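Presented below is the structure to which this report refers.
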Number of protein chains: 2
Amino acid sequence: MAFPTARHDHSACIQAALDAAEQECRRRGARLTDTRRIVLELVWESHRPVGAYALLESLGKLGRSAAPPTVYRALDFLLAHGLIHRVASRNGFIGCPHPGHAHGGQILLCTQCGMAAELDDPALDQEIVNSAARLGFSVNRQTIEVEGLCPVCRAQRNSEEEQNYVA
Amino acid sequence: MAFPTARHDHSACIQAALDAAEQECRRRGARLTDTRRIVLELVWESHRPVGAYALLESLGKLGRSAAPPTVYRALDFLLAHGLIHRVASRNGFIGCPHPGHAHGGQILLCTQCGMAAELDDPALDQEIVNSAARLGFSVNRQTIEVEGLCPVCRAQRNSEEEQNYVA
DNA sequence: GGAGGATACGTTATAACATAACGAAACGAA
DNA sequence: TTCGTTTCGTTATGTTATAACGTATCCTCC
């Protein structure tokens with residue numbers, strides 16, 4: 001999934017994710033309860049990794065009394081069914097735009113604006129499997145988190161540099 | 001770096017790491033103080049990721065009074081100079097076998113025995129950079145953590161399966 | 001439609017990981 | 001030796017995650 005543009009229709013974006021989740025849960029015979037759906041929705045509020053305690057606070061504002069285990073249980077469920085990804089390097093979580101479709105988590109993180117996007121490059125997965133195999137290591141799960149600048153922030157930085165140059 | 005075998009000379013292994021660290025610090029004009037060297041040594045005690053609080057406890061057993069900031073400061077120093085890597089998915093740290101030689105952290109983690117090893121595949125780095133570039137993303141730093149089975153544990157598991165088959 | 005097992009949830013407490021802030025000490029160049 | 005910089009000790013606190021236990025809800029089978 002590419003980086004969301006500033007003017008993408010985010011409510012449609014959330015709706016699509018919720019629909020996909022609903023469908024994936026039906027397919028798997030998993031129960032997408034109220035709490036779980038709401039947590040998923042909150043994860044999707046931004047395209048940035050969200051922490052468990054931020055979710056907790058959001059839940060509170062929605063009038064749902066909740067303690068940490070409530071949130072972590074919902075997150076565990078969503079993780080287990082591939083509806084969200086954990087961002088280990090940030091202690092946060094982001095929504096998965098295409099659940100079901102198997103993929104290791106390849107995540108791009110913009111250090112400037114905090115936006116996250118998925119990469120989903122099968123060749124990359126394969127390269128890791130091959131490279132590991134050369135050491136006799138058999139791969140089970142991968143965590144790939146790449147920091148850098150997203151297209152928007154990169155453009156912005158470039159134009160700032162131009163201004164500095166002029167001045 | 002390949003996975004350490006059971007009979008590798010671990011004291012030589014630690015010594016090599018300490019020597020390399022010493023040299024790298026000299027090269028950089030960085031001060032490898034007592035605390036920092038001891039923490040590095042403790043990180044190298046095993047080839048498994050070590051948590052900050054485990055290090056803290058080890059320091060205590062060595063008679064060095066210490067509070068969390070002492071350990072985290074030492075870890076920050078070691079990270080900053082590339083002498084250790086952070087293992088985000090485990091909240092732990094492992095020694096870097098070849099400091100100086102630039103490389104993103106590509107880490108293999110055995111889910112069975114907990115051993116960690118570095119991969120260091122430049123083609124992999126490049127694949128990530130290229131793949132990200134296709135989305136207009138410029139890479140700055142990568143975290144690659146791969147879970148699976150190390151050669152030893154894989155062999156062990158295979159022989160267990162044979163036994164099950166016989167029985 | 002009620003019994004009973006499985007799954008999900010609320011709640012309290014605590015574990016595990018990490019940093020802020022401040023003053024004292026050690027170091028190193030002028 | 002003095003002064004600025006870096007390192008360290010210490011106290012307190014912030015942040016992230018889980019253990020444990022009882023209750024409620026759901027689903028199935030009779």
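Easy rule for this one: first residue shown is 1, then count along the chain.
Every residue, even glycine, has its Cβ placed from backbone N, Cα and C.
Features as listed in TrEMBL:
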type    : residues                       : note
BINDING : A:C110, A:C113, A:C150, A:C153 : Zn(2+) binding site
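Recorded features from TrEMBL, shown on the structure.
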{"residue": "A:C110", "record": "Zn(2+) binding site", "Cβ neighbours (10 Å)": "23"}
{"residue": "A:C113", "record": "Zn(2+) binding site", "Cβ neighbours (10 Å)": "15"}
{"residue": "A:C150", "record": "Zn(2+) binding site", "Cβ neighbours (10 Å)": "27"}
{"residue": "A:C153", "record": "Zn(2+) binding site", "Cβ neighbours (10 Å)": "19"}
What subset of the binding-site residues A:C113, A:C150, A:C153 has a Cβ sitting under 8 Å from a Cβ of chain B?
A:C150
Three-state secondary structure, A:C110 (Zn(2+) binding site) (per DSSP):
strand
Give me the sequence-ordered set of same-chain residues, not including A:C110, A:C113, A:C150, A:C153, with a C-beta within 8 angstroms of the centroid of the Zn(2+) site's C-beta atoms.
A:F3, A:T111, A:Q112, A:G114, A:M115, A:L149, A:P151, A:V152, A:R154
For A:C153 (Zn(2+) binding site), which DSSP three-state class applies?
helix
